[in-house]
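Notes follow the structure.
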Amino acid sequence: MTTIWTGLAIGAVYALVAVGYNITMAQSGIFNFTQGQVMVFGCFFAWFTMVDLNLPWWGAAVAGAVVCGLIGLLVELLAVRPVVARHGAHGHALLVTTVGAFVIILGALAATWGRTPKSLPFFGGSETVTLLGGKLSPVDLWLVAIAVVTALAMHLVSGRTSWGLSGRAATDNPDAAKAKGVNVTALRTTAFMLAGALGGLLGPVLAPKVGVSVSIGVSLTIYGFVALALGGFGSYLGCLVGGAAVGLVQASAGRYFGAEYPPLILFGLLVLILLVKPTGLFGHRGLRVV
Amino acid sequence: MRAPRILVAAATAMTVAAGTACGPGTDASAPSGTGPGGKPFKIDVLLGLSGDYAPVGKAMAQGARAAVAVINQQGGVFGKPVEINVIDTAGDPVQAVTQARKLVAGGRPQAVVPGMVTADIMATAPLLTQAKVFMATHGPDPRLNDPKKYPYLFGTTYLRDQMATSLAAEFTAKGFKKVSLITAEKSGSVGAQTIKDVLAPKGITTNIVTVPVTAVDATSQMQQALDLDPDVLVLDSYGPPSAAILQARTKLKPATPTYASQNFSSGDLAQTGPVSAYAGVRLQSLSFAVKGHQTTQTPAFKAFFDAARQQAGGKLEFSMNTYVVTYNDVILAAYAAKLANSTDPAKMTAAIEKASPAQIPYFLGPVNFSPSNHYPSFGPQWWAFTGYNGMDNAQIVPAQP
Amino acid sequence: MSTRQRLSALALDTPAPAIAAFVLVALLPLFGLAGHWQQQLALIAIYTLICSGLNLSFGYAGELALGQVAVFASGAYISAILYQHGFTDILGGFAVAVCLAAVTGLLTGIPGLRLSRWALALVSFFYVLLVPELLKLFESETGGTAGLAGILAPTFFGWPLGTTGFYVVAVVVTLLWMLLQRNLIVSRFGQFLRILSASPTLTESLGGSVYRLRVQAYVIGALPAGLAGVLYTYLTGFVSPEAFTLHLLIALLAATVVGGAASVWGAPVGAAILVLGPLQLKSFEEYSTLAYGVFLVVIGTAFSGGLAGLARKLRDRVLPRPGPQGAGDGESAADLSIPGTRMVVAGVEKSFAGLRALSGVDLTVEPGTIAAIIGPNGAGKTTLLNLVSGLLPADTGRVELAGRELTGLRAHQVSRLGVGRTFQTPVDLGSMSVLEVVESGRFRKGNLGSLSAILRLPKYHRVREADRKAAVAALSFAGLEHAAAQDAASLPLGTRRLLEVVRSVAGEPSVLLLDEPAAGLDDSELRELGMLMRRIRDAGGTVVLVEHNVPFVMDVADQVFAMELGRVIAAGPPEVVRRDQRVIDSYLGRRGRREPADHELDPRTT
């Protein structure tokens, strides 16, 4: 049971990255390469505000949301908008610039706060909790709860609000949506900002779990993507399932086979799902990315 | 036909000119053994001052400068102050090799600290050996302690098997028979195997569990380690995974006695976790990294400690090992020349192989080199086992039992 | 041709300047180039090789597949392992590494067959995580995390290779690869890659198999990374997993983009900046990652051609290109044979998610005639064209060309059997010239001839000559020969639609399918199009036309098929169909308010 809890907790992290990816996917059809790295930024920022500035955790979360929302805005303004204007939303130029933005955030973090990892204790304590016969930390519980709440909330937002619905229309057929008066650019911008803000908001909870270090950006980016691909592009609830699957595979393969195997197994799983069911388990057709 | 001939002639002339121009300019191309009265003794130190390892590299450079200060206080070498030349390799083997080639191209350097991390050192050592350069290194790879392959290379640090021997002694004393060891890729998996090999003849079995370097959670590995119901748990990682491993231990709260190897203790303990996370963990450490240990009461250590703090601007931010390794490298190289009264690598080698502890008083560690063993053997008195109660100037503050 | 022209052609159209530069660099040790500078230049050579591989898959084929680092590692490790086993010959190392690279490139490229864009980029990012794990699994040979050390002196035919010898080998190997790659890029294969990056659908309809082209691009792009791995091992004398990191990948990607991803000679420039540039200064080192990111964003948004693109623009401004040889030297339309054949469509049905698009279509088109398909939107006209050209599979029914069954074949196979087609929206092919665009219509005839192109065998020159002649002939067919040297993208839209037709004509198709060629043309362009189509018919071609412009259709067609709701409701000569009551009711009567067509297969998005 402890293994399952471990898997779910780390899976919750990947699910949250996947939700972040999904926000821009669902609202603009654009894959936001920077999401994982923005979340790492959120961790650093939480460490900075809580350790250096002594802010309470909620203050750090709000400040993080604002700053990371701005980063999302900048990414959209500088790396996405000019390229979409010039080459459309599907060219490979967009890949170069979003990977570039990913690298910029990585470089800025390394230059500002260095490459030595830091740690941030969890504000909710570190007393082990025993639940259903398995042990877990308070931060694990929080993460699982937050992931479920966030995914549900986004699911409702995308299905019930006009913002979510027009996003769906815009990704299904941008020209038709434009003709109906949907402001596609505004949708994209708000989506990037929301995804960024989510990353910043989560900083105080994520940082104690994943650590404050520039080296984790790649794993968050990749495993978050595996979670998204498994769950399905465009589906928030799929993100939860995908995240849980990735976390459980990682925890149990790591436990019963050895550390070399989880990446290999997850890689195989990713390639398999992309080849066999490119929309993922719960994805909707319009958002095939392959 | 004419043009090419002129071209070749010009090229030859330029090559010769270049050769003569840089020839006598450098001290080391003079016949080997520029002894007393020659130019000042110079040690080239290859360190990563930029790139991933920059902060550590800078701390290591401070250690090296501390050694220069101590030696020069004692009159220097050949009656003149010693000089060091710190060269940046960015911790990258390609750049390290490039810099080493550059050094050799300018004539044989008198002594070189051949790199900062294992990758650098493994890349430069063969090349510098080929050029017959005297080397003092803190590279902990046992492959380097091979006087046949690297005749002019000396180590200044403990090798992994010595760390393991110290652990073996401790475990034998406590009656532990079954060890579960958690290590991380890169930093420790090779070392872990060494520990296993050393413990085996003592009748102690070791189960090694590896955590990926990029891991953000080590719970499964910790569970795997505890599955076999070991007598003792050993934490043997270095760098980022250490924090995840310590967290996993806090979470699972095993009753199993826990040790952290020197590999773990030489990391940044304060950033790895809060003091409370170390409750019940015995840290294995080089003795002079433990505050108040008797090996820190010697004049040699005090000289080092004062000089290092002065170089670092008052406070030592990194682990003790960071400063000590390069300090020892420079001390050993300088004393090699001083004892041999020569810069001839063969004579320097012979001098160190024969040296007694009294002859190299400022070396932090045992002086017991031999023609077959170019690394010092750190016996039991150089190892300490202690609880953790925070850090003070790179020293572990022991917990009150 | 004057000497001056000849010199300028030598400088502009051949790699002579680059060869001269490389030879000069290789000879630098004669002029006293110091050992460590040789090291730096050898490192530039290594990075050049990797960047040039990235150019092929990313710059030309348009897919961000970053398996290069894995291939680089495989080359480095295999030569280190060979050395440990006593095989020290550097040429042997190259040979084995190239074979291994081909295999690694194939394996890392397999996901690329089905995936593209984001998914492929992320999958290939994954390789960076996998390399150390795989090296650990084979620890006994690879040394695991500790790596392999002391790989010092390679031999060359049994002679020990000193620093300078190694340097010369590195430069020469790089030059040879660059020349091979350059030959490949200007060949049919290279043109196909450029088309592939713009539109896989267009590639298929020009007779290129998208799968095969992608695999070839990954495999060929992997080869230089394998060579680079061998050079790297002997340069450092040490390999460990730490050398093959994300940082390296990012740096190489930045170098590729800065040099110019879609350019052969951008690679050495980017690599040189990477090794010698300001980022190597100590004060900048901390910011190097940041700077790579800035490069990627700035170049991606503003100068997508990189330095090579800027240089190209500058050159075109300073030295305008001479027109292609062979243009206007008396070749006439008569040189172009258009061997039309009979096309039969029988009982074809097609549904999309339960919606019937075609419900039993029969039609026959004879050679030497123009058949037009008209009908309201949603009648299934474009769907029918897509079925005939193999872009969509039919549910039932068959399509025959001169008695030969086309049903069930893939688009590139159909194309190779002689079906040429145009699309409603001309694909933007970036920097391809008009002549190159038209030549691409010929690619369906014969094979790619990559090998003869790389080695410049006589066959290559023969094929190229024939392609060029046919392209010029096809251009003069449409009166466009004056535009041959221009960038196709710079032409007005109407001319680009004509160009689509001309491209198909150059391929001497048995059947020519035209999808709304007249849309958006002005009157004079319409006249030209009509003339062109009649000339094709008179030369014996079979022309099938889908068109909304009824007057144009009635004017040009010999046979008209009117479609409604997935079936043919009337067929016959224009004047008969025009008077058919059902056609008037369902279509002609309503003409005037035009809507955008649905079910159209936009070649950009598939």
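Note that Cβ sites are derived from N, Cα and C of the backbone, with glycine treated the same way.
Look at TrEMBL and you will find C:12-34 (among others) tagged as transmembrane segment.
Tertiary neighbourhood of the transmembrane segment (C:40-58): same-chain residues 25, 28, 33, 64-66, 68, 71-72, 166-167, 170-171, 173-174, 177-178, 181, 185, 193, 217-218, 220-225, 227-228, 231-232, 235, 252-253, 255-256, 259, 261-264, 266-268, 270-272, 274-276, selected by CB-CB distance under 8 Å and a gap of 6+ residues from either end. TrEMBL lists C:40-58 (among others) with the feature transmembrane segment.
Under the heading transmembrane segment, TrEMBL lists C:65-84 (among others).
Annotation source TrEMBL lists transmembrane segment at C:90-111 (among others). Sequence-distant neighbours of the transmembrane segment (C:90-111) (same chain, 6+ residues past either end, Cβ-Cβ under 8 Å): 65, 67, 70-71, 74-75, 78-79, 82-83, 119-120, 123-124, 127, 154-157, 161, 166, 169, 173, 214-215, 217-223, 225-227, 229-230, 233-234.
Long-range contacts of the transmembrane segment (C:158-180) within its own chain (CB-CB distance under 8 A, at least 6 residues past either end) are made by residues 15, 18-19, 22-23, 25-26, 29, 35, 38-39, 41-42, 45-46, 48-49, 52, 89-90, 94, 223-224, 227, 231, 234-235, 264-265, 267-268, 454. Residues annotated as transmembrane segment in TrEMBL: C:158-180 (among others).
The transmembrane segment annotation in TrEMBL covers C:217-235 (among others).
Beyond the ends of the transmembrane segment (C:247-277), by six or more residues, the same chain brings 15, 18, 40, 43-52, 54-55, 58-60, 66, 68-69, 128, 174, 178, 181-182, 185, 194, 288-289, 292-293, 295-296, 299-300, 305-309, 311-312, 430-431 to within a C-beta distance below 8 angstroms of the stretch. If you look up TrEMBL, you'll see C:247-277 (among others) marked as transmembrane segment.
Among the features that TrEMBL reports, transmembrane segment is placed at C:289-311 (among others).
Note on the domain 'ABC transporter' (C:343-590): mean pLDDT across this stretch is 83. Annotation comment: TrEMBL describes C:343-590 as domain 'ABC transporter'.
Long-range contacts of the transmembrane segment (C:289-311) within the same chain: residues 247, 250-251, 253-254, 257-263, 265-266, 269-270, 279, each at least 6 residues beyond the stretch ends and with a Cβ under 8 Å from a Cβ of the stretch.
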